[in-house]
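These features come from Swiss-Prot:
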type	residues	note
COMPBIAS	145-170	compositional bias 'Basic and acidic residues'
COMPBIAS	936-951	compositional bias 'Basic and acidic residues'
DOMAIN	171-280	domain 'CHRD 1'
DOMAIN	282-401	domain 'CHRD 2'
DOMAIN	702-762	domain 'VWFC 2'
DOMAIN	782-848	domain 'VWFC 3'
CARBOHYD	350	N-linked glycosylation site
CARBOHYD	433	N-linked glycosylation site
CARBOHYD	880	N-linked glycosylation site
């Protein structure tokens, strides 16, 4: 079905029209249900009950008539139902949508002139109209649906469905995988989080050489995605799979997606395992990887997910293992908890092939055991009882993750909210021994900071549990750096459960001028979180200062191609300001210059990449004179501001941007530093070993390898196999090569130069199409932003626009006088033949074949400069022509009229108003008209009422 303005899903539309257009012919065999599915239906969430259909979520056993929008409206002769599958438990699990045509179920009527009442599928006799809602209509057909296109379905009236919540509030789905291999003792554990359309993974491993790649495959081994594994410390690999295809998401939710680690010694995968959903992941705060103790054994390993009870010192855990069963159906196991070889706890369990794992509780941990737990000194040993000795063991540590612990401190979140314009920014690292490293920046307080505490949420007023008293400010009074070593197991558990707060008290506000919630920020794929501090954003830094109760911080970095990566977090904004937040990158306040809007705000968070940053802003960034300005509806000139300094040596346009120093510190005025002051953490973009003679610069995972050379993402070059007449581009690890297409020369006798692909006119021979002319004077050439290249004055070319490649239906010209690039669409000539063809597949315009007829016909509608016409159901209709759409095999839809306007088809249902005042009518195409004969059984209800009153 063609695209229409209103219907949301063309395939759904066509399928339902095929069902609803059958002629009414009394009863008959029930039509088989067609597999109707919406193209844009939300993906079902694992474990959610109900069905998703047409962009809405329906409960189990709910029935509805699909609404196709205008002009088709609700298909009342089609009934859909959400059915529970037979294998699912009652009220649980995703349902199955079944739709069928219920027109054949309409009863046969005795009257000669049945009527069609609005909101009904079946016709009724006039004398039964008053009790039509009691007649034996097919189930589900008595509902009256409004025609208002903004009406809400039944599933929208209450709480939104699970699938809608998943995409509306940034809900994260977590999965875990145990990775082992038959020829190795290595064991790895992968934790994967699906957030919107990105898959963020943290993989920890033991007894494994540094992995080279992370690989995701389907059940048959087909590679779906690969990510370079940057060298990291502590056996941790981080990465992001962006824009995950829907099929891969379905495989993940069906637990059919497999993750593997590739090493130089095992290029075909050393360890692998399927990703499974585990509810215990949301509560996990401690973990363990269990490896073999016998150096001669292979292919066995396990992982443990542990958490503390919220009400007592009990350790709950889930243990997953592979290779212990040895092909047996049931195996008894023994679990021991050791400290320096001394047995502390022991329990027994049974494992089966169907459930290779078990859950247990270690109750009533002593204070000493709690201390050993947070210090990472408790060892977990799992042993197979009976048969050959088989033991795996590992130490319990705090959960490892690529996420970043951080906090934005603002006055709005203080125990007694204040509005001073001050702001705070904090970053944390939790070490394996339970120690917490903190770095806190404070900006804009009106008085001296007297206390900085890490504490729990107060249960009552003035009843706060302080876990750590932090050191005072240093480095000019704007920063505090230190270590909290006394959190304990309970404190570490609460920290990883996002249950702690950072409070800053000043002389003017001893109970707290700034306060922030310590939370884990999802890994975003770049190393800025680990090697530099965030930029604090405060109202006090706005000129003039703003006494805002909000605050924020931002991570910004430049990669080797001068692409700006940013991530902004805000706190303390009112609900009315949430949808009005914008962020701009600009130069010094009060100075004219370019500004760049940073897009991507999702609530109070924003992240993205700017790939074409202006050179002026790049210089401001490297010189430390750039500003990040946050504006809101109440403060359109600036709610928050931060000063940005990024030490970078990236290259843009053949020029190297180098700052004075690579390692900077926080300035006394609160400017954000870019030095790697945080302890070495898992760097997601760390470089792979560089080749001899290289600069050792980090390798972008999007680079391309072609003809023995590495090419960065976005690079353009002439390939060795055809250096004159081909052009290649690198687009995210994919090389696209296009032949150079020469436009027709504007002179009768062009000249072919030896060093050029296209012939040029003699007077313009000196104007060469060079890939880069950085030293051109004004008026000598043009810079084309599409492929980022300089062109000589007077040059004409077909543009190359990444990632689309060569655009042959456009010609660009460099106007030397002004330095402007003028691009226009290729004007295809009108053709008189009936079947034009393209002589070459790469041609833009069609031609008449040799020997073709001369039947008059419009030129290619896509290239014509006149009215374009409309394509509808595979046919072209001229501008302003109207028609009734045809739906095979049922023929013309006489009740719907379509018209072509401005190249877009518009369809609407014919209006049959005003209603007939005569009693009998005759169907004429769509609407009825009065006839001469009338009978009592065909008179309208108002006429019958008037006749009764007269009598």
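Just so it is clear, glycine is given a Cβ too, placed from its N, Cα and C backbone atoms.
Taking the Cβ of residue 350 (N-linked glycosylation site) as reference, residues of its chain lying under 8 Å away and at least six apart in sequence are, in sequence order, 330, 331, 332, 333, 358. The two recorded residues residue 433 (N-linked glycosylation site) and residue 880 (N-linked glycosylation site) have their Cα atoms spaced 76 Å from each other. For the domain 'VWFC 2' (702-762), residue counts in helix, strand and coil come to 1 helix, 22 strand, 38 coil, using DSSP. In this view, residue 880 (N-linked glycosylation site) is surrounded by 12 other Cβ atoms within 10 Å of its Cβ, with every protein chain counted.
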